[in-house]
Amino acid sequence: MGSYYINRTFFFDVHPPLGKMLIGLAGYLSGYDGTFPFQKPGDRYEQHNYMGMRGFCAFLGSCLVPFAYLTVLELSKSLPAALLTAFILIFDTGCITLSQYILLDPILMFFLMGAVLSMVKCNSCADRPFSASWWFWLSLTGVNLAGAMGVKFVGLFVVLLVGLNTIYDLWDLLGNLSLSLVMFGKHLLARVLCLIVLPLALYTAMFAVHFAVLNKSGPGDGFFSSAFQSQLIGNNLHNVSIPEHLAYGSVITMKNLRMAGGYLHSHWHLYPEGIGARQQQVTAYLHKDLNNLWIIKKHDSDTADLSDPLSPVEFVRHGDIIRLEHKETSRNLHSHQHEAPLTRKHFQVTGYGINGTGDSNDFWRIEVVGRKTGKLIKVLRSQIRLIHVATGCILGSSGKTLPKWGWEQVEVTCTPYLKETPNSLWNFEDHINPKLPNISLDVLKPSFAEILLESHMVMIRGNSGLKPKDNEVTSKPWHWPINYQGLRFSGVNETDYRVYLLGNPVIWWLNLVTMGLYFLITICTAVALKRGVQLTYELKELSRVVLRGGGQITLGWLLHYLPFFMMGRVLYFHHYFPAMLFSSMLTGITWDSLLKFCAGFLSPSTTARKVYGGGFLVLVLLILYSFYLFHPLSYGMIGPMASDPSSPMAGLRWMDSWEF
């Protein structure tokens, strides 16, 4: 995708564009020419200069350590807690692996942690509102929110975290009776400007750059509307003139409005035995093809020679009953009450008849969404439905891929459910009629607002429709915190460097245990405060850190983890890493507080210091030793496979589900 930006070639992705644009920019500035195909991991780069892109992602991944360190230092005011957090992230094999490749994840986590750090720093300036530092951190929070949202939609979770923090702050200010309502209004306006208006402006600007740079036709054209495609250099709709209104005798192509719905298509092949009626196949095809061409005819008359230049032009209107004749095979678009091949409750759609002569099951009523009966139908702009007159069903693309007998094209059905969805909406794209005057498609040029809305609809549909590919390793959210299964990144044999994405087991299991420990400490602290237990100043400060600082981090973990349980799309192990950053920060705060609490019960200060220092030393040594054991996962394993007893990794497969 970075190559596409360098070549200005339009593509489609389910995520917003910022991450790919930054990778493309890093490649462009470091001398990469955008010609490497990136077909599969392990392909040699040869003379291609990829180091700028690798280095850029690795640098942003490295920034996670100081960001987490400063965040924990601000929340806990404890240097050891911040250092422990930094150690965890430095020596986690998963964070290293994810940061050293050309991926979106380190870019996403950079902005995410930047937003959290800026939010925490802004909170610390609460005693001096509207100062230069307060404005700086508030504005930087907004910039980082735009960055996180601009890389992946999961950036919404950090937007929610900052939003809840802002609501809490404003509610607190509202209860401050020494603050006038005018001053409260200024606080509210400042947050609206910096945390809503600024991020939205930057987010919109990203898409403006995205569409300005990608102005050439490419592999993403078919996912977007015909009006949008007409703006892309090299697309067959670019700079062309076609008749504006549909007329009988016109040769047209029809494009389905669902994402990857395809063009209405037919070919000489018949449906196989046992799949409805053995008539000509009708499918949806994602590519331009002569078999996508259809002729619009009146339903009840074929006597007038529509191609005769002297015959009068008769326009197709909303509510007309028409026939569609396939140009290449001369068979009519037809439906009947046989089951569709894959979608069992829908009806089969076929090509039927000889030289345009068929039966009453070839009749379709054409309706334009939001138009009145009798209105003309516009090419590209009008969204139409074709309703089968005999059965009342609606022509649609199910989005399901047919088996090899259907050339793995998309299933077209006639649905008896009259719900208006993109599956059952179409528009006319190509339009050939020599008797009609042509207009330039520039007249139909969509506005930036329309393009922005369309791109988001396509991305959301694409995200929800993601399905695993063959032999792809997917996972479930409950797998992630226990480090149940990793992802093979590269290497298939004993001579390749084999890299495997897996978290450092000691760190991940320490984070998991700490999560339970934190909830226990929180309950005990809350009960003690509620019961009025007299605490020393140090223990009161410790309680504040645990409840306020730890609470913010725990909320961040919950917001970045729990929503995945409700997602219907395909999920992967790397989706947990933003939540892992929060659990690592919580580990630093929790163990620091726990060791201080234990040391507080020991009377000689030297003994207390030894217990505190000894506890930290044990944790750090555990982290270092586990990194020493598992670092080949990140930097490349070589030699016999781990299943071989002579392999240096043989004794490290602590779980059968690990596949290194």
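Just so you know, glycine gets a Cβ as well, placed from its N, Cα and C.
Predicted automatically and left uncurated, TrEMBL annotations should be read as such.
As stated in TrEMBL, the feature transmembrane segment covers range 79-101 out of the listed 79-101, 102-124.
Distant neighbours of the transmembrane segment (506-529): 88, 91-92, 94, 481-483, 535, 543, 546-547, 550-551, 554, 557, 580, 583-584, 586-587, 590-591, 593-594, 597, 619, 622-623, 625-626; these residues of the same chain sit at least 6 beyond its ends, with a Cβ under 8 Å from one of its Cβ atoms. The average pLDDT for the domain 'MIR' (374-431) in the predicted structure is 86. Long-range neighbours of the transmembrane segment (549-566) within the same chain, counting only residues 6 or more positions beyond its ends whose Cβ lies under 8 Å from a Cβ of the stretch, are 75-76, 116, 120, 154, 157-158, 160-161, 164-165, 477, 480-481, 515, 518, 522, 575-576, 578-579, 582-583, 585-586, 589-590, 593. Between the transmembrane segment (611-630) and the transmembrane segment (79-101), three or more CB pairs separated by 6 or more residues in sequence fall under 8 Å, so the two stretches touch.
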